[in-house]
Amino acid sequence: IPGVGQKYYLQFTTEDYRSKQNAGSCLATVLFPKRKSLPAVNIKCTRTKDQKQIQEEDNRLYQKLKHQIKPIIGNDIPDSYGNIEPALEPVWALAVLGSSYIMWEKSTENLGYFMAQVKSAKQWIRKDDSIEFDYTILLHEIPTQEMILCHMRPIWLPGQPLKVKYTCDSGNHRLEDGSGMESGSASGISHEREENF
């Protein structure tokens, strides 16, 4: 769009993170403005999974994480062979979700990101019903091939928007809020005060 930026029209399918089965199809438009700001995304998806089934899966994950007697602590997920201990799969799943907000905010028309590894993860036992983790993650930057170290704090409660705060060591050391606004399966975000980070 002359004077505004590049607009892309996308059609793609999604897959269930665990089962790798088709989870639905989406149509999206993405506008990358000429000035430095977040891309404007408009997306509509049809799901092949029933909403009740998604909520049940979220609740199972939540119950597994919430009823820990000792906080979950993990390092190097996956390990150098690409393996993830079954007990750490929920930790990895929450990290994937939280990092998606960082990747969306940092991506540009010419740069993209993938989460390569959770370097460290520690669960915080909260007095309320929320699940909170403190992560150090590595993002793989494409096409530069750089590895970007980020510190991330997701806070999750099923049926509520996910809250994400993060900082990344990419020459930009300010606290950023990766929170979004849409609700969904452990998704959507509301803002949290910085002193809680």
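Just so you know, glycine gets a Cβ as well, placed from its N, Cα and C.
Taken from TrEMBL as is:
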| type | residues | note |
| --- | --- | --- |
| DOMAIN | 1-53 | domain 'Cystatin LXN-type' |
| DOMAIN | 73-177 | domain 'Cystatin LXN-type' |
| REGION | 175-197 | region 'Disordered' |
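Sorting each residue of the domain 'Cystatin LXN-type' (1-53) by its DSSP state yields 3 helix, 31 strand, 19 coil.
Across the domain 'Cystatin LXN-type' (1-53), mean pLDDT in this model comes to 85.
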